[in-house]
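As recorded in TrEMBL, the features of this protein are as follows:
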REGION    25-57  region 'Disordered'
DOMAIN    90-118  domain 'Zinc finger DksA/TraR C4-type'
ZN_FING   95-119  zinc finger
COMPBIAS  117-129  compositional bias 'Basic and acidic residues'
REGION    117-149  region 'Disordered'
COMPBIAS  140-149  compositional bias 'Basic and acidic residues'
REGION    165-192  region 'Disordered'
REGION    213-242  region 'Disordered'
COMPBIAS  230-242  compositional bias 'Basic and acidic residues'
Amino acid sequence: MALSTQEMDHFKQILLSRKEEIKGMRERNDSFGNDSEFPKESTGELSNYDNHPGDLGTELFEKEKDIALNDLHEKELEDIETALKSIDKGEYGVCKTCGEDIVKERLEVVPFTLYCKEHSPGQDSSDDRPIEEEVIGPDYKNRSNDNKDATFFDGEDAWQSVAKYGTSETPSDFTDPDKRDYNEMYEDSDDDDGFVEEYESFVATDITGNERKVVQNRNHEEYEEELDREEEKESDREKYDK
């Protein structure tokens, strides 16, 4: 249902009141100090030459905050002016995207909006990754030969041979969400080195090939866990078959 004349006047007064409030704040604080020509006028310092840049860290933060607040007020003033023009045209309270009426509760909270809740611009969060990640990677990538059928010891292998002893990197330093273990902090950390099958990393014999041994390592633990899971699945199947 379209807004009545009284309701239009009500929201117009809210917009005009907010407009005067913002203008009053900007006049009292000189647009958050952004009207000052020199930095020393807003920071209170007599000169910037005798100070180390690090000594002005707090002042720099405050200046950045003032600029952000000033931009926010300027944007709100623009939105208010647009909403007032919409009232004059008789289009206020109708979503510009779908043409449906904007609920009054929303107009009370955001009186300068021109969109309904479903079509409010800028509310969709993006999961896109930075474009730089397509070309930026570990330095050894430039010295690897993955694009060739190469079996020699290259730069990537050199990095892996030293990185397996530990690095200062953490899972949060990587864009790969599957890195959940500190033993996986270097590229292709699960590569089989010196063998083909995984079980070859934990089985061994003496020089004659007669005495067989099992070497306790991470691959052996994972192999046993996999066998345990298979036994549990087989046990569950037998229960259901009965």
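Keep in mind that glycine also has a Cβ here, set from the backbone N, Cα and C atoms.
Unlike curated entries, TrEMBL annotations are predicted automatically.
In this model, the zinc finger (95-119) carries an average pLDDT of 90.
Beyond the zinc finger (95-119), the same-chain residues lying 6 or more positions past its ends with a Cβ under 8 Å from any Cβ of the stretch are 1-3, 7, 11, 14-15, 18, 76, 79-80, 82-83, 86. For the compositional bias 'Basic and acidic residues' (230-242), residue counts in helix, strand and coil come to 12 helix, 0 strand, 1 coil, using DSSP. Residue counts of the zinc finger (95-119) by helix, strand and coil are 6 helix, 1 strand, 18 coil (DSSP-based).
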